[in-house]
Amino acid sequence: MPENPATDKLQVLQVLDRLKMKLQEKGDTSQNEKLSMFYETLKSPLFNQILTLQQSIKQLKGQLNHIPSDCSANFDFSRKGLLVFTDGSITNGNVHRPSNNSTVSGLFPWTPKLGNEDFNSVIQQMAQGRQIEYIDIERPSTGGLGFSVVALRSQNLGKVDIFVKDVQPGSVADRDQRLKENDQILAINHTPLDQNISHQQAIALLQQTTGSLRLIVAREPVHTKSSTSSSLNDTTLPETVCWGHVEEVELINDGSGLGFGIVGGKTSGVVVRTIVPGGLADRDGRLQTGDHILKIGGTNVQGMTSEQVAQVLRNCGNSVRMLVARDPAGDISVTPPAPAALPVALPTVASKGPGSDSSLFETYNVELVRKDGQSLGIRIVGYVGTSHTGEASGIYVKSIIPGSAAYHNGHIQVNDKIVAVDGVNIQGFANHDVVEVLRNAGQVVHLTLVRRKTSSSTSPLEPPSDRGTVVEPLKPPALFLTGAVETETNVDGEDEEIKERIDTLKNDNIQALEKLEKVPDSPENELKSRWENLLGPDYEVMVATLDTQIADDAELQKYSKLLPIHTLRLGVEVDSFDGHHYISSIVSGGPVDTLGLLQPEDELLEVNGMQLYGKSRREAVSFLKEVPPPFTLVCCRRLFDDEASVDEPRRTETSLPETEVDHNMDVNTEEDDDGELALWSPEVKIVELVKDCKGLGFSILDYQDPLDPTRSVIVIRSLVADGVAERSGGLLPGDRLVSVNEYCLDNTSLAEAVEILKAVPPGLVHLGICKPLVEDNEEESCYILHSSSNEDKTEFSGTIHDINSSLILEAPKGFRDEPYFKEELVDEPFLDLGKSFHSQQKEIEQSKEAWEMHEFLTPRLQEMDEEREILVDEEYELYQDPSPSMELYPLSHIQEATPVPSVNELHFGTQWLHDNEPSESQEARTGRTVYSQEAQPYGYCPENVMKENFVMESLPSVPSTEGNSQQGRFDDLENLNSLAKTSLDLGMIPNDVQGPSLLIDLPVVAQRREQEDLPLYQHQATRVISKASAYTGMLSSRYATDTCELPEREEGEGEETPNFSHWGPPRIVEIFREPNVSLGISIVGGQTVIKRLKNGEELKGIFIKQVLEDSPAGKTNALKTGDKILEVSGVDLQNASHSEAVEAIKNAGNPVVFIVQSLSSTPRVIPNVHNKANKITGNQNQDTQEKKEKRQGTAPPPMKLPPPYKALTDDSDENEEEDAFTDQKIRQRYADLPGELHIIELEKDKNGLGLSLAGNKDRSRMSIFVVGINPEGPAAADGRMRIGDELLEINNQILYGRSHQNASAIIKTAPSKVKLVFIRNEDAVNQMAVTPFPVPSSSPSSIEDQSGTEPISSEEDGSVEVGIKQLPESESFKLAVSQMKQQKYPTKVSFSSQEIPLAPASSYHSTDADFTGYGGFQAPLSVDPATCPIVPGQEMIIEISKGRSGLGLSIVGGKDTPLNAIVIHEVYEEGAAARDGRLWAGDQILEVNGVDLRNSSHEEAITALRQTPQKVRLVVYRDEAHYRDEENLEIFPVDLQKKAGRGLGLSIVGKRNGSGVFISDIVKGGAADLDGRLIQGDQILSVNGEDMRNASQETVATILKCAQGLVQLEIGRLRAGSWTSARTTSQNSQGSQQSAHSSCHPSFAPVITGLQNLVGTKRVSDPSQKNSGTDMEPRTVEINRELSDALGISIAGGRGSPLGDIPVFIAMIQASGVAARTQKLKVGDRIVSINGQPLDGLSHADVVNLLKNAYGRIILQVVADTNISAIAAQLENMSTGYHLGSPTAEHHPEDTEEQLQMTAD
């Protein structure tokens, strides 16, 4: 029998709910009927009665066991099943009938000592004129007395009085009938309960008394009925009330609830309190507020509590019949019913009350007239106890609702005290009683209020709330907000359940009323009330229900790359921080936006019953992506601005301060790392296969349905070479299998699908398949597959090369080998994408290589189990051989491998291919191919090749340092003739039969627990050239400046695409081959772009996937997983395909000479030197350029899955057919778009296509419009493009619907031959962000800057021009025209092209002259805000990509504070700013994405920072002296008087990653607020003399809470003038020049500033120093520089520099560089020589290369003889030619990159 049946029943109901929900998610409806029946049974009243009866029988058994033998127990059970003992059940005469007189009855077994005058006088005094009762109750031998008491503090000197709260029906006290509710107990066993007895002692007396309990109680006379009575007793209705109207109301519950709320008690009756508008009762129309409920069904509810009535209503089922009455004719008190917990008498107003001192208080009367059914519009709060002013407390006005009666009256103010309502004195009433009085008052309400005459209110109130709600009762915890001592105790220790029921009676009552007040039984209201109880009154809880459906596949396909899945489904972006998940933005027109309920900054608490609060971001986002609709969202909105208050924290945990600007984490809007789901055509195609003895010839896997995450689909994984499926040509990897003969595979598990396929008998099999929808550029290679005829079937056996290897259904996440892939800042941070990313040819291997690389980049571990693969044809007994030398790696070994999770593969067959079979079969093999010499146990000769579908979905990159890599023995069994034709994949291992071998891949990368490796490789001597100087000639600058990058993964934050590349310097590794042993490396990658970084860079190339430890490569210890191979024995692999790389390595001599790059580790702030670089000869340039031109193709778009099919062919006719087919598909793709579709091909000239592009003026729509056409460009010559055309594709790269950044990256990488798809719509002109204008002509000698309308000239020996430039959307037409008109000089900057002969692959075209990321003078591209460091003393523009986290900044200050500036308070280490590494605490933020924060308030700054997009552009100012020394703090003492029971009225916050505790908020009306000296952002240095500078927030909070009386604080405040002066200095040093030439280019600004500051310094110094002999003498400066160190200087000058042929001098010195550490170099020093090499006659670029490649001990000879003044003036004049607009001009984040690339290189 259950211990607590009610609780157990609720738990069972909850379990049933969860079970039903899970079954619904799985689509299982078979158990619905049984579960519903079970559910209804548990909810039925009969079942509740049975449970109650069981409990009563158990209780009776306990009673009977303890009743003496001479007693007879007369008991009964009530209708509900409760145990009731009848009167006279104890026959020994101990129970007496009540006496009606107040004198001592002769029946009493004891008589009070009347002679004791002192005792009597005390009792009389305590009774205060009330009726005195003497009661003697015999405590039973078992069980309790049957009543509970409550202790309430009276207003008389803080004395605590004990009142009877409740008398249990059927108990000893109830049968005695003398003890009543609300009786005040004056004495217990002759002990008076005066001020000498505490309430704990009184309760102990009640509980510990044995035998007879003698009580003296005081009771109000029952005949008192005056409306002004001070009695708080529940008014007892007359025994015979004549009702004016009695009516029977029947309501049929339709599931939405009854729609009314009740209130009341036993004696006053239960009354209808509220009627929900639109609810059932409201629609019925008969029930009215104020109706007394007399009977429900056949149950008389008079005398019941409201909770009992609520239970009766719940048990009624759907039909509720009630007898209600209204308009009593009898005299009923207007005093509202009060709960039993209140005292019986209203104590008189103390002499210190507000009314007594007219000098301090004024009393006034207000008359309010209700409008139709509306509330009065005031919100009240109660305070019980002694306030900090010593005055009596009571009910205060907390807030006034705008538009209400109180609001229009105008006389009532917040903090007014309400003393009477309609003449009824309410002093001493609790909140909910006053609420009832106000609610039950008539149309006209008279209020008597008291207000302090002084301006500074000392009322004990919190700041007013903005919540616009009607007056509503507060929950019991809020009843007495500060000083309540309500202690409720059961005095008799009854049965545990009854005790619990009594102790929680009030809470249950209130909760039941709240539920009924809303829509009863409504899940939304239950959710709301549950969270309201948890969060308290400071939060508004909202429940929203969404039922969204993705309309069709095309819609999801169109947007899936632009928005995260959860954003697409819910229509909100979610930022997460520390377990809180906030809505950061709402998608316009999305589901949540349509609902109109939620706002940004609302916190998401729960979705579909899953609590998100407290969960990590990864858990929350993962759940939101998978949770099925409809969605029930529970959100909360903070109603107050206070934080983790020192006084009264709202939550148990420390609240997050408001000043943490970015609590949140942003979702990468591109969702680069979450992979992308495949989509299939809804059209089902029937493929007929003839099953033979070998099966159908394909393998399958299950895959998450992109449209329903709870379901899976069956997908063709791979085809068996020369199998039935491959020969038919109708089935291809990636096809979705929907049916087999008559069997539908919808929602079928993988195992079931396998069984169905295996069970199909041999013969004709009908397969229903859906082809994948693809958008990739390789669509053109799959035209045969989509054609209606099958006439070309026979070609597939010879042309499909290893298709399945390109099918990875979940895009992977990044390298696992974290130590090697840390982010690192480089010396030249600007990453021009220029020519290093030449687009590649449309080679057939592209798709394969791309997906191989994705496979190499390892998906998350948990995703491995989602892609189990089963080969469904053959049997798998072949794998059961226990021979350890047969390295086929059964499942058990895979499971043992610690770094690789089990894939749960089942191999149902293999196929053995003879070496001399037709090459088509070998070329078409799928999966991982294993060659084993140990095949003899199966009876095959060594020449045979065993092919097996090893289908590991990913190969984690295992560090080469781990020595337990599993290795197989591979022999030279591959026929190399077929290799020339095959498209070599990861799974194919070509080995020369006779010569040296090269292991390109390992079939299964798994690690065993023990050292089970076979000794396969013999040790041989190897030689490694570790110093670059030993092979200088091969290290061209094309390697040194390569920008490809492997993604890094932030621990705990998911995987994130980095902002830019951090490759170390190239190095040479020599590996000597060993006879008959492979090199021991496997490679991955190729031409295809694998990943796009956030700044538009592309990740591509050949990478080392694994190095076998005992192999020749492994023995060198010089190669590791993730290294990028730049060159092999003179063959450039930077743009090589996978097959070309394999051939190059295979054909390399002995030794094999690799040039490789590794990712460097990430320093936090210090920038790193980039790479060593040497110029290469013209022949090398030419050769490399020829190779690159041979391999030019397109960069693929962000990948859709599955990848497209490929068909190798060289037939020109087929190419034409393919193009026609592709064009047809393109037209189909955009058939729904309005306008005329055009497909053209253009040949770029040296200036690009001659197009100017802009976006859509509607920022929510992503479009790319042609706004200008150069009359001399290819587009104008072709004549088919017009202004207003919208670009959809370039070289099959889809631009439609893409962001500006994506489009920019694709445009930049376009090759010379460009295929454009665009649409022409007449309305386009109205949609364009920039008014169209013609682009003036340009020539190689004079390219005018047109704000980005011209192509960037990326010069390589003056030979090639690359790129289509976009017009920044923030530039208006007028600005663009004015810039053209104001150009003073041709901006074909000759110093760029002539000084720096860049290598073909360079992507740092403009940064070679600048090591610090700051502007040299060579090109305006030298400052990249994404990478440039922050120079102290000047305003800097920086960009930070948030990735998967928020910015992670906490700020202080604002125009509404004395600080008058927005200053970074802390940089949180998990945020994007910390990863970026440039922002420090103390930096001032001047602008955020064009929003000027110089004059913004604190809240405005927080809003601006929170509502930032993915890329955040900041203008910051740093003064290193600030916020670091206390000399910058204004230190002053503040003394606050802390009153008893009150706090100081301030909230604090500490740094999580540093020391210091700061004031985050001042509570209105608190001690700190009244003092008026403290502000937000002040630092608490000490408390009562105790140093708090290094204390934690918790420590300071505890000390402040425990402090009493006078609290002495020492406060530190950043000096108000310090930031102003700092900004003035900044403006003097930088802004003044900008005012003189407002168009100064950002790249010149730092140099001009530095030089002019230096000039100013020199001017104020002694003029004699200019000719000082010591300054003019050469100085030798020695610098020690490690490989990872940044030199940290910028130079200017050199032959052919824009300043003229002047000597090279130091233009800037970065504080974090090694040069600055010497403290011997100065800005303006002329560099005479570097390591003994004179610089006379060298060009700027030559000197740059010398410095960049100088490591170790660097000797500089310098002379301080540069004429800085002349150079600074010359720079200032030059900078006016750039006219980029004021630096403070507004701009959009999308335009930041373009704004810095407006001039030619």
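Quick reminder: no glycine exception, Cβ is built from N, Cα and C everywhere.
Quantities reported herein were computed from a predicted structural model and do not represent experimental measurements.
Within the set SER89, SER359, SER645, SER1496, Swiss-Prot records phosphoserine at SER645.
When the residues SER797, SER836, SER1212, SER1370 are compared with Swiss-Prot, the one annotated as phosphoserine is SER1212. In Swiss-Prot, the annotation phosphothreonine falls on THR1508, out of THR1057, THR1508. Record note: of THR1209, THR1222, THR1620, THR1676, Swiss-Prot gives the feature phosphothreonine to THR1209, with no matching annotation on the rest. Of the candidates SER30, SER455, SER921, SER1354, Swiss-Prot marks one as phosphoserine, and that one is SER455. Note on SER522, SER1339: Swiss-Prot annotates phosphoserine at SER522; no matching annotation appears for the rest, which is not proof of its absence. At the 8 Å Cβ threshold, with sequence separation of at least 6, the domain 'PDZ 2' (248-328) lacks contact with the domain 'PDZ 9' (1533-1615), having fewer than 3 such pairs. Between the domain 'PDZ 1' (134-221) and the stretches 365-453, 686-772, 1239-1322, the greatest number of Cβ pairs separated by less than 8 Å involves 365-453. The listed stretches are 365-453, 686-772, 1239-1322, 1437-1520, 1533-1615; of these, 686-772 has the most Cβ pairs under 8 Å to the domain 'L27' (1-65).
If you look at the domain 'PDZ 7' (1239-1322) against the domain 'PDZ 9' (1533-1615), you find fewer than three C-beta pairs under 8 angstroms, all six or more positions apart, and that falls short of contact. The stretch with the most CB contacts under 8 Å to the domain 'PDZ 9' (1533-1615), chosen from 365-453, 553-639, 686-772, 1437-1520, is 1437-1520. The stretches the domain 'PDZ 6' (1068-1160) and the domain 'PDZ 8' (1437-1520) are in mutual contact, each linked to the other by at least three Cβ pairs under 8 Å (pairs 6 or more apart in sequence). The residues of the domain 'L27' (1-65), classed with DSSP into helix (H, G, I), strand (E, B) and coil, number 55 helix, 0 strand, 10 coil. All chains included, 24 other C-beta atoms sit within 10 angstroms of the C-beta of THR1508 (phosphothreonine). Along the domain 'PDZ 2' (248-328), the predicted structure has mean pLDDT 84.
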